[in-house]
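Q: Sending over a structure as structure tokens; questions will come in a sec.
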Amino acid sequence: NGTSVEEFILLGFPGTWQFRVCFVVIFALMYTLTVIGNASIIVLVWRSSNLHTPMYFFLCNLSFLEIWYTTGVVPKAIGVMLGTSQTISFSVCILQLFFLLSLGSTECFLLSVMAYDRYLAICYPLRYSSLMSSVLSVRLALSSWLGGFLAISLLAFLTSRLSFCGPDVINHFLCDIDSCLALSCSDTWPVELATFLISLIVVVASCVATLVSYMYIISSILRIQSAHGRKKAFSTCSAHLSVVTIWYGSTMFLYVKPSAQNSLDLNKIVNTFNTMVTPLLNPFIYTLRNKEVKLALGRAFQKRRS
């Protein structure tokens, strides 16, 4: 590539040493809870035969993704704030950018697939088992992973071709597309256009697919006669709807915009929410708002006591 800068310096969050140590403690605690929470969901689904359904298969994929998504951010961010690992090579920077954006794209696709799964379960309950077979669920999950990584390949390649003549300081705790564009001394318009178009395809298209599924779901729920039946039907998708709202709200703010070089400080805050808070909330949302998961947890604790 045409770069003359071999490594970048990550600033992280500015402030006193005590302020940064507080951030390190918070990040480390959030990371530990995220890994434990998402890993617990995977183990729980794997060990509970009543949870061997497409819905929980997709949830395991989401939990597995969240573990790697936050792992790609937090360890390096802690090193940056402690001052022990503030530099990052150009190649590793592009690799982190590719890794995080690919996982983020995969999450968009997975959430839309989970919405489609809930659509089939609520709108076609008698035919659900035949419509959402195990083979189809594996294909949908695999397509989400492949689609997420392939969608970002072109963007990562274009970013790697940018020229960086200096400065080499990134006002962030990770390498993201906005920071790279802000530092580049070459024409960034092709990368900005690619970012915008890929965001439309990945984020907006998957969001529209999710919204369409929920339009049919809500319409079907409203046709249910009994209040108990409506409540039961809505409870099967309420956790997923909460996760979708949190994820798409922050993701659209970060990536679906004509120019990617504005509000870098605000992007840093939203990135913190997107890469650390959201992966932490997901297991708790699915646990607290899902009766089947709570029952499986109760049985697991009873077995351990006995």
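The backbone N, Cα and C atoms fix where each Cβ goes, glycine too.
All annotation found in TrEMBL is predicted automatically rather than curated by experts.
Not measured: the values here are computed from a predicted model.
I grabbed these lines from TrEMBL:
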| type | residues | note |
| --- | --- | --- |
| DOMAIN | 37-286 | domain 'G-protein coupled receptors family 1 profile' |
| TRANSMEM | 17-46 | transmembrane segment |
| TRANSMEM | 58-82 | transmembrane segment |
| TRANSMEM | 88-116 | transmembrane segment |
| TRANSMEM | 136-158 | transmembrane segment |
| TRANSMEM | 193-217 | transmembrane segment |
| TRANSMEM | 238-256 | transmembrane segment |
Q: Can you work out which residues elsewhere in the same chain, 6+ from the ends of the transmembrane segment (88-116), have a Cβ less than 8 Å from its Cβ atoms?
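A: Distal contacts: 1, 3, 5-8, 10, 55, 58-59, 61-62, 65-66, 68-69, 72-73, 76, 140-141, 143-145, 147-149, 151-153, 155-156, 159-160, 164, 170, 174-177, 180, 198, 202-203, 206-207, 209-210, 213-214, 217, 237, 240, 243-244, 247-248, 251, 274-275.
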Q: Could you please provide the mean pLDDT value for the domain 'G-protein coupled receptors family 1 profile' (37-286)?
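A: Here the predicted model's pLDDT, averaged over the domain 'G-protein coupled receptors family 1 profile' (37-286), is 85.
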Q: Sequence-remote contacts (6 or more beyond its ends) of the transmembrane segment (58-82), Cβ cut-off under 8 Å?
A: 10-13, 20-21, 23-24, 27-28, 30-31, 34-35, 38-39, 41-42, 45-46, 88, 96, 99-100, 103-104, 106-107, 110-111, 113-114, 117, 137, 140-141, 144-145, 173-174, 275-276, 278-280, 282-283, 286
